[in-house]
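> Take this structure, written in structure tokens, and hold onto it; I'll ask about it next.
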Amino acid sequence: MNALPRVGIGTDVHPIEEGKPCWLLGLLFSDENGCEGHSDGDVAAHALCDALLSAAGLGDVGAVFGTGRPEWTGVSGAKMLSHVRDLLHDNGFQIGNAAVQVIGNRPKVGPRRAEAQELLSGLIGAPVSVSATTTDGLGLTGRGEGLAAVATALVTAL
């Protein structure tokens, strides 16, 4: 009998840093300011990592890539996702699918949604759907002071 699927959720929020490259969904948005962070500040990739780790019961981004781990300083969200994919496989899990929603006014995700979905799906070896929303001017994302992301993931034990 197959094990039941496991679901995880992940969130991430970072303030905008003037002049920092904007990495989001594994993509560079060259005309936008990026987010502060120990790594590249890609809130979507970090939320996906958290969702995958949560679903597999393997901790969270802070435990795996935290500031106490200097080897991960400045690392790309894409590299983090590849590492998490390998960690899940090494622990007997297969990724079924994932979804990530970016919360913020900029950058505009819609024009690059297909590109992001293809990249992220390739990185984790499973379908990833991408969406985006705003907070209608409320909170730090609404004021353009930061970006947030929420992700879910489905995994099964092999």
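If you go along the chain as it appears here, the first residue is 1 and each next one adds 1.
From the backbone N, Cα and C atoms, a Cβ is placed for every residue, glycine too.
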> Which residue of ARG113, ARG143 does Swiss-Prot report at the same 4-CDP-2-C-methyl-D-erythritol 2-phosphate site as ASP12, VAL13, HIS14, HIS38, SER39, ASP60, VAL61, GLY62, THR133, THR134, THR135, ASP136?
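Record source Swiss-Prot; matching candidate: ARG143.
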> Output the one of HIS14, HIS46 that, of all these binding-site residues, has the highest number of other Cβ atoms within 10 Å of its Cβ.
HIS46
> Largest pairwise Cα distance, Å, within the listed 4-CDP-2-C-methyl-D-erythritol 2-phosphate binders ASP12, VAL13, HIS14, HIS38, SER39, ASP60, VAL61, GLY62, THR133, THR134, THR135, ASP136, ARG143?
30
> What kind of secondary structure is ASP12 (4-CDP-2-C-methyl-D-erythritol 2-phosphate binding site) part of, going by DSSP in three states?
strand
> Look at the recorded positions SER39, THR133, THR134 and tell me which residue has the greatest number of other C-beta atoms within 10 angstroms of its C-beta.
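That would be SER39, with the most Cβ atoms nearby.
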> Counting other Cβ atoms within 10 Å of each Cβ, which of the recorded positions HIS38, ARG143 scores lowest?
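Selected from the recorded positions HIS38, ARG143 on minimum Cβ neighbours within 10 Å: ARG143.
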